[in-house]
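Some features that TrEMBL has for this protein:
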type	residues	note
DOMAIN	B:22-462	domain 'Amidase'
ACT_SITE	B:Lys76	active site, charge relay system
ACT_SITE	B:Ser151	active site, charge relay system
ACT_SITE	B:Ser175	active site, acyl-ester intermediate
Amino acid sequence: MALEESHVRRAAHLARLAVSDDQASGFVDDLSRILDMVDQLQSLDTEGVTPLAHPLDATQRLRADEVTETNQRDTFQRCAPAVENGLYLVPRVVE
Amino acid sequence: MYEKTLTQLAAALKSGEFSSRELTAHYLQRIEKADGQLNSFISVTAEQALQQAEIADKARAAGNAGRLAGIPLALKDIFCTQGVKTSCGSKMLDNFIAPYSATVVEKLNAAGTISLGKTNMDEFAMGSSNENSYYGPVKNPWDLTAVPGGSSGGSAAAVAAGLVPAAMGTDTGGSIRQPAAFCGITGLKPTYGRVSRFGIIAYASSLDQAGPMARSAEDCAHLLGVIAGHDGRDSTSVARGVPDYVEGLNAPLSGLKIGLPKEYFGDGLDPEVEKAVREAVKVYESLGATVREVSLPHTHYAIPAYYVIAPAEASSNLSRYDGVRFGYRCDNPSDLIDLYTRSRAEGFGEEVKRRILIGTHTLSEGFFDAYYTKAQQVRRLIRQDFLDAFEDVDVLMGPASPTPAFDLGAKKDPVSMYLQDIYTIAVNLAGIPGISVPAGFAGGRPVGLQILGTHFAEAQLLNVAHQFQQATDWHLQRPAFAEEYA
Amino acid sequence: MQWETVIGLEVHVQLATRSKIFSGASTAFGAEPNTQACAVDLGLPGVLPVLNEQAVAMAVQFGLAVHADIAEVSVFDRKNYFYPDLPKGYQTSQMYHPIVGPGEVEITLEDASTKRIRIHHAHLEEDAGKSLHEDFHGMTGIDLNRAGTPLLEIVSEPDMRSAKEAAAYLKAIHSIVTYLGISDGNMAEGSMRCDVNVSVRPKGQEAFGTRAEIKNVNSFRFVERAIAFEVERQIELIEDGGSVVQETRLFDPDRDETRSMRTKEEANDYRYFPCPDLLPVVLDQAYLDHLRGQLPELPADKRERFQNELGLSAYDANVISASRDMAEFFEAVHSECGDAKQAANWVQGELSGALNRESLSIANSPISARQLGELISRVLDDTINGKAAKEVFQALWNGQGESADEVIDAKGLKQVTDTGAIEAMIDQVIADSPAQVAQYRDSEPEKRGKMIGYFVGQVMKASRGTANPQQVNGLLKEKLDALL
């Protein structure tokens with residue numbers, strides 16, 4: 001499956017990564033080689049094989065419904081780039 | 001002091017040969033002298049370390065010291081450490097002071113060990129050479145022109161250089177075992193779920209696993225006993241008792257069935273590496289083990305499957321680095337999209353961006369089934385290969401890496417770098433444990449023997465590795481670099 | 001042309017757990033910004049989700065209540081997109097293997113007819129935070145307290161054919177979740193939110209028309225109004241030769257219209273894949289049986305019982321069973337007084353009126369079910385008449401007395417049924433009203449019935465309202481007619 005610059009542009013947009021024109025062509029080269037390597041998978045017949053998401057066949061354990069966390073806003077917001085009145089600030093979001 | 005293994009240091013502390021404070025000061029001094037050349041640490045927490053050491057000494061005086069109390073360690077900078085910068089090797093987190101500690105760190109603190117600092121690593125654990133760090137590459141103490149391996153390169157180099165007796169690493173595709181091999185130390189990747197991932201910055205959540213890197217299997221056994229176990233804060237951690245890993249180290253190996261996967265001895269394997277590994281296998285035969293060839297037929301699909309699954313998970317795991325709540329934010333964002341795209345473009349390095357883009361692309365509409373679903377199917381086949389092999393043999397052995405440490409800057413093409421992990425990557429896809437032990441040299445650079453076991457067979461792996469280290473002394477050899485800074 | 005409306009609803013219900021779906025932070029509403037957002041909710045590096053057992057139990061209870069298939073294995077997926085109120089850059093949801101499979105809900109329309117609406121599935125997911133657009137120097141403020149609150153998203157089949165049906169369905173869901181106690185159902189606080197999919201097609205056509213999705217329609221009334229507007233818009237558009245565009249629209253209650261949310265439709269690609277931090281949720285039969293055994297009587301069952309066993313009308317049964325609190329209040333009143341019809345009348349009439357006037361919920365009624373039941377009993381056993389009963393109700397409502405009997409005694413409202421006493425009062429009234437008596441006598445016989453009202457009023461006044469009105473009527477007629 002050949003990779004085109006439009007694919008890279010689209011992935012960069014979805015992943016919210018700024019990519020300049022120069023970088024884009026570099027990424028097309030690199031990612032094309034990676035995907036060529038990945039494409040070896042297509043030669044393997046996997047008909048009927050159930051996909052494996054986790055290496056162990058374990059199941060989810062459940063947590064009791066208890067409030068265990070206390071307010072740590074000041075601690076957490078110490079590493080925040082911009083806060084005011086306890087809110088995280090971002091450039092205005094237009095709905 | 002630095003010549004001693006962790007096990008020996010623990011005995012010396014117990015007998016009162018020296019105090020933890022003296023020991024800690026000794027290593028801090030070595031770090032100060034040597035690390036300018038190695039670059040194995042991102043942060044050294046000298047003051048805290050000395051305080052912790054004094055607490056450990058007091059506990060010992062009061063008769064409350066545990067087995068590892070007072071032992072200095074280092075932590076890969078992927079483990080969150082409360083109040084200490086936790087960068088994950090990235091500009092993105094250069095300003096991130098973790099507000100909590102990883103479960104592994106809490107367990108080590110509770111055992112009374114001392115953290116000297118945070119070790120260098122490939123950014124977000126993506127790399128096999130430690131050249132992808134925002135903080136610059138780490139050098140291999142055996143040869144300063146060689147890489148230490150990655151992504152836990154700082155931990156491996158620091159242990160090999162005697163800057164710390166042991167360190168914690170993480171392994172998503174070989175990131176403990178390959179640098180351990182390149183630096184001539186012992187590194188264990190436990191079974192997926194054996195050690196809690198809570199507080200370990202995620203790269204690929206279904207593959208990541210933390211483990212010890214030390215001078216010997218015995219050292220690793222001590223450390224694994226501390227960090228292993230169920231954690232209610234990690235849904236994927238396994239509720240299963242933790243055996244005494246030290247207790248079984250001396251079990252004899254007579255009758256041990258060793259399998260040599262023929263795919264691990266094929267094209268691309270450095271002849272000197274192969275020779276060292278085959279010599280090691282002979283040692284096992286002399287210890288009473290039997291050896292047979294086995295096949296892991298899907299081995300060659302492991303790297304392609306990994307480079308779908310790991311980047312897919314990473315692309316999602318790394319979405320939280322958006323410049324809003326913590327971490328790097330670009331200057332003067334003009335609007336929200338500018339804030340996102342520029343913070344991320346400026347905060348992440350090239351390899352991280354490559355993997356985010358690959359993962360985003362392979363998960364996207366029209367490609368998901370061909371890549372992601374297919375890779376998950378192949379993942380099952382790869383795991384089955386191992387389970388089938390372990391029907392016939394107890395452990396598998398082979399090289400940890402096809403070559404010894406390569407030169408800094410030698411691998412410019414990402415794919416050629418990826419192919420380095422051919423022998424380690426399938427292990428993470430299958431979730432089984434693996435250990436790399438020093439087994440000689442190739443071209444003056446260390447060679448690692450990799451030993452693999454079935455799920456939760458850590459005790460057996462440590463026993464098998466320890467018996468080898470009783471019969472050989474590869475693990476005791478030190479680079480000249482370590483001596484020069486004695 | 002005759003048009004048919006096709007409607008499907010996606011209802012998001014905040015589950016009433018104490019802590020969040022994947023963390024131990026509180027879900028309480030109204031806290032100071034970001035004081036209930038813990039490291040997991042904030043998506044800080046290295047933290048991991050652990051699933052709340054109560055969220056799972058509540059989702060299963062809902063599934064059982066709508067006769068749905070409960071998935072033996074359900075899986076959490078990540079829905080990836082960037083938004084400031086979505087801290088991790090993905091929402092943990094269930095795309096491919098939801099916990100609740102197909103089920104159905106019976107709705108009751110205004111004419112008391114019923115209809116079954118199929119549920120496609122319901123899945124668990126985490127809520128996002130909130131963006132506050134007030135002026136922060138041209139910035140937006142983000143509050144993540146709500147992030148991680150458990151949501152059950154209930155997706156219907158496109159089975160509804162009118163705005164009224166959609167509203168009835170939403171009410172039915174509201175009533176089920178509040179009966180189960182799995183949500184407070186408070187739409188004003190966003191505990192229940194609704195997206196509406198609307199399309200139109202020529203009557204008789206099988207294929208669906210192109211649909212528009214109206215986001216965040218957050219009251220029963222708005223659902224009706226939004227659909228009414230949207231249906232008209234779509235029909236007009238098609239009849240004018242245009243065509244409906246598949247898009248997301250927003251309902252503006254102030255202008256009573258829907259409008260397109262984006263001029264440039266941005267194609268989303270959420271890249272769903274199984275969340276590697278969570279394992280498959282496996283539920284066994286014993287667990288389901290256990291939860292089934294704990295289900296309360298549900299609105300549909302109550303409605304049926306009220307009709308069949310208590311003899312309420314379909315309308316009364318439907319209104320009273322819609323809210324668990326009201327139904328339980330009604331049942332307590334009924335068990336006190338023994339007359340279902342009277343109990344229903346009082347609960348729906350006097351009580352609901354008073355509650356509405358003071359914007360109180362029935363759970364906070366100042367008058368208890370026991371008090372009201374006793375009051376009704378006093379009417380039924382002729383201790384007081386209807387007029388006095390209203391006075392007693394008002395007194396109890398105002399807290400003037402512990403019981404109906406106490407108020408009756410204190411106010412002397414006991415009904416006078418002694419014929420002699422009533423006759424004496426009548427004689428006095430007749431004696432005091434010669435002009436009216438003459439008028440009565442001279443009237444056409446058919447007009448006298450109306451005129452008797454004056455005398456009844458005078459007698460009741462003389463008794464200070466306590467005379468039995470039926471007796472007064474009968475005796476007055478006898479006495480006046482005797483004067484003819």
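Even glycines carry a Cβ here, placed using N, Cα and C.
Just so you know, TrEMBL annotations never went through curation; they're auto-generated.
Overlay of TrEMBL annotations on the structure.
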| residue | record | DSSP class |
| --- | --- | --- |
| B:Lys76 | active site, charge relay system | strand |
| B:Ser151 | active site, charge relay system | coil |
| B:Ser175 | active site, acyl-ester intermediate | coil |
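Around B:Ser175 (active site, acyl-ester intermediate), a 10 Å sphere centred on its CB holds 37 further CB atoms from the protein chains shown.
The sparsest Cβ neighbourhood within 10 Å, among the listed active-site residues (B:Lys76, B:Ser151), is found at B:Lys76. Rounded to a whole number, the distance between the Cα atoms of B:Lys76 (active site, charge relay system) and B:Ser175 (active site, acyl-ester intermediate) is 11 Å. Of the recorded residues, B:Ser151 (active site, charge relay system) and B:Lys76 (active site, charge relay system) place their C-alpha atoms 9 Å from one another.
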